[in-house]
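K.L.:
Here it is: the structure, laid out below.
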Amino acid sequence: MAADNASSVTEFILAGLTDESELQIPLFFLFLGFYMVTVVGNLGLITLIGLNSHLHIPMYFFLFNLSFIDFSFSTAIIPKMLMSFISKKNIISYAGCMTQLFFFCFFVFSESFILSAMAYDRYVAICKPLLYMVTVSPRGCLLLLLGVYGMGVLGAVAHTGNILFLTFCADNLVNHYMCDILPLLELSCNSSYINVLVVFIVVTIGIGVPIVAIFISYGFIISSIFHISSTEGRSKAFSTCSSHIIAVSLFFGSGAFMYLKPPSILPLDQGKVSSLFYTIVVPMFNPLIYSLRNKDVKVALRKIMG
């Protein structure tokens with residue numbers, strides 16, 4: 001089947017964000033600016049955590065990996081997106097499109113599960129502080145991380161495999177700035193109810209399981225915080241969780257809005273705008289949220305700067 005696809009359509013044209021010619025150059029510089037902030041922010045946080053021994057604890061181990069995922073995620077999407085603002089036709093080969101789709105899905109799933117691993121880390125730190133070093137040991141962190149990237153691979157294989165079994169006949173204009181699942185399903189000449197169902201089930205697992213894990217973790221965390229007698233202790237516990245709650249809300253809110261509903265409710269043009277949130281805005285904001293609201297990171301940054 002995949003061989004048929006390759007012979008019927010060998011390349012796709014990415015429509016981009018808008019076809020308004022006067023917006024192309026301003027949008028190019030806007031998203032180039034976003035990408036530069038994302039790269040500097042995430043690579044800066046990776047370097048800071050790597051160089052500072054005080055930050056070599058589980059919480060920052062997960063933050064290090066979140067920054068790596070965000071940097072890689074935006075790099076898989078934005079450079080190709082920028083091409084659509086400055087070229088007449090933003091062409092991507094069939095193999096290139098499937099590769100971008102695979103890495104897009106891999107990083108989305110990895111981000112979902114790293115956010116739930118971070119919620120579990122906060123749960124153990126606040127609710128079971130005496131068991132923290134045993135539960136979130138280096139071996140425990142490594143196993144959690146293997147689970148995170150393992151789920152990333154499973155999600156990417158499921159989605160990409162689902163698209164590889166589709167046939168693309170004549171039309172090769174993808175109504176998006178990247179090779180995403182829904183516009184490719186819409187473009188296919190043999191996509192069926194089963195293909196849509198696979199997308200819905202895989203996305204429900206990829207977003208639903210981490211959201212449930214995060215809600216359960218925060219249920220226990222909030223309950224424990226209310227049992228802390230000192231106001232200072234309560235505010236410290238809340239402040240360690242607030243950055244994570246903001247990051248979780250941004251990422252899962254925009255992802256669920258895009259995928260967990262019938263396509264007829266949200267036209268693809270509006271879908272493109274909502275997908276800007278989790279592909280571009282979230283990877284850019286995460287390092288800012290975690291560095292501006294985090295005392296340890298600010299102290300480490302002052303040490304390196306000074």
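Placed from the backbone N, Cα and C atoms, the Cβ positions cover glycine too.
For reference, TrEMBL lists these features for the protein:
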- 41-290: domain 'G-protein coupled receptors family 1 profile' (DOMAIN)
- 27-48: transmembrane segment (TRANSMEM)
- 60-79: transmembrane segment (TRANSMEM)
- 91-120: transmembrane segment (TRANSMEM)
- 141-168: transmembrane segment (TRANSMEM)
- 193-226: transmembrane segment (TRANSMEM)
- 238-260: transmembrane segment (TRANSMEM)
- 275-292: transmembrane segment (TRANSMEM)
K.L.:
Given the transmembrane segment (193-226), which of the listed stretches 27-48, 60-79, 141-168 has the most Cβ pairs that are under 8 Å apart from it?
P.N.:
141-168
K.L.:
Near the transmembrane segment (141-168), which same-chain residues lie under 8 Å Cβ to Cβ, leaving out any that are not at least 6 residues past its ends?
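P.N.:
Long-range Cβ neighbours of the transmembrane segment (141-168): 1-2, 4-5, 8-9, 12, 58, 61-62, 65, 94, 98, 101-103, 105-110, 112-114, 117, 120, 181, 184-185, 187-191, 195, 198-199, 202, 205-206.
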